[in-house]
Structure formats: structure tokens, C-alpha cells
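One structure is given below, encoded as C-alpha cells.
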């Protein structure tokens, strides 16, 4: 059994050692909740990794979006190359849930595009939890949605060993029961093929390698791993566990029992609808549910089977669904990254799902059991937590009030201080800002400006461009790839100034930025709350020459708290540096990473700019080959937005052939 072991040339420094000790001691003392209050650039991820190494427990890390989850996953893979680090996010590239609009009598069928690579990673994550303890799963908040029952999933897993008495046809029958398909032509993930006494399987958690089971009579003679593409043998196995092809797979006995319960719930609901004189709704419900029942009888599943998950799991009405968290052993550890953003997302998910289901049930599209195919309520989520560490530079009152231990991480390994904050009047703010921009550009640094409205951002960008300042504007309509391209161009000096509204907070760490300007800082509200201000100030904490200018006529409560907190941190950092003889230094990250991240965006733009009809067949083939290699690399690096963009371009080129 593997143990967590960090591989890094760095050792904990600054505030990291005491933060690690505090968190580890608190968790070992069986405290349920603790907070890691770490300033921007203090190495919170490295602290988390050290806590995991010291505690040696299976760990789930929650992030508030797919991009941040992918970034964290990459970092933890670097820290723990010899352990299992998995990625678990929603597998939908596109998802339109089924819905009904009574006003126009419009029913919208469920429509989804499933990303096969992410589905593979989800299966890889759940199967890893049954095989090892040195497992870290980085997940988005979608992990609080219902997943199949882990007990059923484990029960349906096929365990095969060399020397085991097992007939080939018996194994085939079991594979079909757990939703594998026989396909001798298109051999892909979740399928198997038969060749004489050999049975080839590509498990749900694999894609580029398969398992070959060789039989001698009614005995398993040999188990081998092979490369799906080349067919070459990769190694011998004594044992293999084949997990179900779907998390919602269920045994035949469970299905047969569930059908009777579904039929009973249908009859009860039909009586209710008929009593209310809702004859159309009753007819619709009877027709749709009977069709589902027939499909389940014949195939073992149906489209939308998750709406019957409560019955298939044998749960009582209103009880919480099984989720990824239930796949973990009891002593698991949870980190909630950027908890001030992630926890509100968890709170909001149930309400949105419930309002949509109400309409579907009221108008006869679904049985009431569909209500229980849902995300967890916040109280249910809390109950499922064993021990948790909230991670944030600006934890909310919930995290502070519920934590038995708060570990502050104020000192940065680089010795950098929190930026100096200057207050200037609103009158003449643009002229003053223009002067500060010129001073900053002369020193070779960049500027971030945050405004309150889209209109003001656009006008300011236009004004600065007219004055000859290389300025761009980042708004909410810009997709992930374009956003990364803008950041890359800012770092490379294509732009000197970036203007935005609420986009200059979490995750935008640019060492070249030496000035952050906050316009209309005294306008109280969401964009100028204490949390927002501290996060925005943090964008200037990667450069030793940085400062923040707030343009305001009054000092609001939020401003006052943000400034006092920043000054408190700055004083601690300054004192530490003086005592240890540390000179703050700007750590300039290699721009190569950013260039690699935006390479696809450039290739896509070049392709769109070219008239593909003018390309020769040879040129098209080369372009497809290059883009396919880039797409596979992007998927391997968990950069799925880039991979999807490339896939669409490749299809477009092929269609134009």
C-alpha cells in the first residue's frame, strides 16, 4: 500500500511550518473544522500537500470551477508523482436539463454532450478509492450531485485472478450486466471483444490500455495488459478488478425489486392527478413511466434512470442521495479551496434544482421520486463531512465561526509584503490614474484597473487607447482560452493596462503587475465589500514594487477593514523580514507556461483567418495532424476547454475536405 510522499526541491518556509503543525495537530485532536487563512502567494497549496503527507489519509479537495480544479490537480500531481491524484468534475461539455415551460406548453428534452475523457477520469477516481488509500481527488462542486450507490458499485465490480475457475461465457454475462457492450469492430472504453479463448476488455477507467483474459477450459490461465492502439503487451497481472461501465449500474435483483416500487408510486400519483381532474397530466405520466419501465425490464436501464435513483438505492423519500463523498472511507479529509466562493455555490445548488423539478412533477413529466435525484442540501453536505480545512485569503463568517483552529499564513516564502495602499479623491481620478500609469510603464511594469460598470470599463479602455496607452478590457463574455490569451499578452508586454469589473480577483496572479487601481472604492456593495477589496488588493502582492490606489471620497466600513487587515499583515511580514534579514524579491514566473496555454487559441485564430478552401489536401492533412496532437496533449493536461475547441476545428476542416 503506497504512502503519500512529496517530491519537491522546496521545504516549508516562512509561515508554512507553523501553519502545517497547527492544522495537523488540530485534525489529530479530532477537531471537525479548521481554517487555513493564507494570503495570496504564501504557498497554500504546498501547505495542503504537507498536511496530507503528515496525516496519510484519502483526501478530497473541492474547487469552485473546472479550471481551478484542473490547475490544482496538476500541482498535486507534481507534488505526489508516486501517488494517485484524480480529477472529478461534471462530464458535460454541454448540458440542457429536461424542463417544462407551462406558459408556452413547451417541454424541453434533456440534451447533453458528454466528454468521454472526463467520464473516464471520474471512473478512474471512484475505482481508485476501492483499491488504495493514497488517493487525492480534486473535484468541482458538482461532486455533491447524486452518484450511484457505492455499495452497489463495489458489489458489481468483477474480481478476476489467475487460476480462478471461471467460464468465459460467465464473465461475458457479468460484463453485460454491468453495462459493458460487446463490440468487435469499434473497440473503445466500456466495451469488450471475444477472440477464441481470449476476452479483451477496456475498463471504464481506462482508454489507451486494455485487459486480456486468457482462458484454458473453465479456468483463467493468464491476465495481461495491452496497448489498445498497437496491441503490444504492457505487462502481466495476477488480479484485475473490472468496475461497472456506469456509476448507476444495478444488479438484476435490485432492478426487479425497483420496478414493482416504481409501478406502485405511479399508481399512487395517477390517483392524485385524477382526483385533481388533471387527466392530460395523468395520461402523460402513465405513458412516459410505462415506457421507462419497459426499457428497464429489457435493458436494465433507461434514459434518465437517475430520476429513479432513490428507488434503485432503496432510500426513503427525502433522504440525501449518494455522492462522491460516500465513496471515501470514514476517516477521509476534505479541503475546500477558496471557501469564501465555493461554499456559497454549494448552498445555492439545491434550490435551483428543486424549482425545475416542481414543474416537471406537477405537469406529469416525472414521478415525485425525481425530486430525490438532486444535489445535497447544505445541511446534508455538512453532515457528510468528516474533517475539513477551509482554505481562503478571505474566509467568511461561516468558516471563522465553525473552525476550532485558524492557522494564519501571512509570511510569503519570497519575503514579499502586502502592497502599500494609497487613498486619492474621486475628483480628477482619471487624470491622476493616467499619470500613475505612465510612471509604472516607465519602470517596466503592468497595471490592473477595476471599475464598477461595464460601460465605465469600455469608456476608460477607449480613452486610454486614444492617449496611446496599450490597454485591453476583460469582460464576462470572454471565454477561458481568450482570457488566458489576454493575460499572456499582458505579461509579454503586448498590453500595459488591463481593465475589468469583477475579473481581477481569485486566480489572476501576474508578477509583472506593480499597480492595482480601484475606482469608486467607496461605493458599498458586492464589488466593493471587504472580501472583494482584499482579494483585489492581493493581485498586487506578487511584485516587490507594487502599490494599490483606491479612489474614494469617503472611507467605508469595508475599506477601513480591508486597509486595517492589509496593514496588519504588512507589519507582520515586515517584522519577519527584518528579523531574518530577508529582502523581498519579485518572483517572475516563466512566461512559457502562459504561452503554452494560449498556443491553441493562436492556432485556432490562424485557421479561422485562413480560407480553408485554398489549402491543398497535403496542407489540410498536416494541419489536422498538428491540431490532433495538440488536442490530445491538452486533454492529457486536463485543459478540456482547449481540447474541445480543437476538436471542433478539426471536424470543421474534415467536413470542408
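Glycine residues also receive a Cβ, built from the backbone N, Cα and C atoms like all the rest.
Per Swiss-Prot, the feature ATP binding site maps to 38, 39, 40, 41, 42, 43, 44, 45; the stated evidence is sequence analysis.
Looking at the domain 'Helicase ATP-binding' (25-182) alone, the prediction's average pLDDT is 88. Look at Swiss-Prot and you will find 25-182 tagged as domain 'Helicase ATP-binding'.
As annotated by Swiss-Prot, domain 'Helicase C-terminal' applies to 429-595.
Annotated domain 'UVR' per Swiss-Prot: 621-656, in sequence order, evidence recorded as sequence analysis.
The annotation motif 'Beta-hairpin' is assigned in Swiss-Prot to 91-114.
Taking a C-beta cut-off of under 8 angstroms and a sequence separation of 6 or more, residue 39 (ATP binding site) has the following same-chain neighbours: 393, 409, 410, 412, 418, 538, 541, 569. Comparing Cβ neighbour counts within 10 Å across the binding-site residues 40, 42, 45, the minimum falls on 45. Cβ atoms within 8 Å of the centroid of the Cβ atoms of 38, 39, 40, 41, 42, 43, 44, 45 (the ATP site) belong to the same-chain residues 47, 393, 409, 412, site residues excluded. For the recorded site, residue 45 (ATP binding site), the DSSP three-state label reads helix. Cβ packing within 10 Å was compared across the binding-site residues 38, 41, 43, and the lowest neighbour count falls to 41. Under DSSP, residue 38 (ATP binding site) is assigned to a strand (E or B) in the three-state scheme. Sequence-distant neighbours of residue 44 (ATP binding site) (same chain, 6+ apart, CB under 8 A from its CB) are 36, 38, 391, 409.
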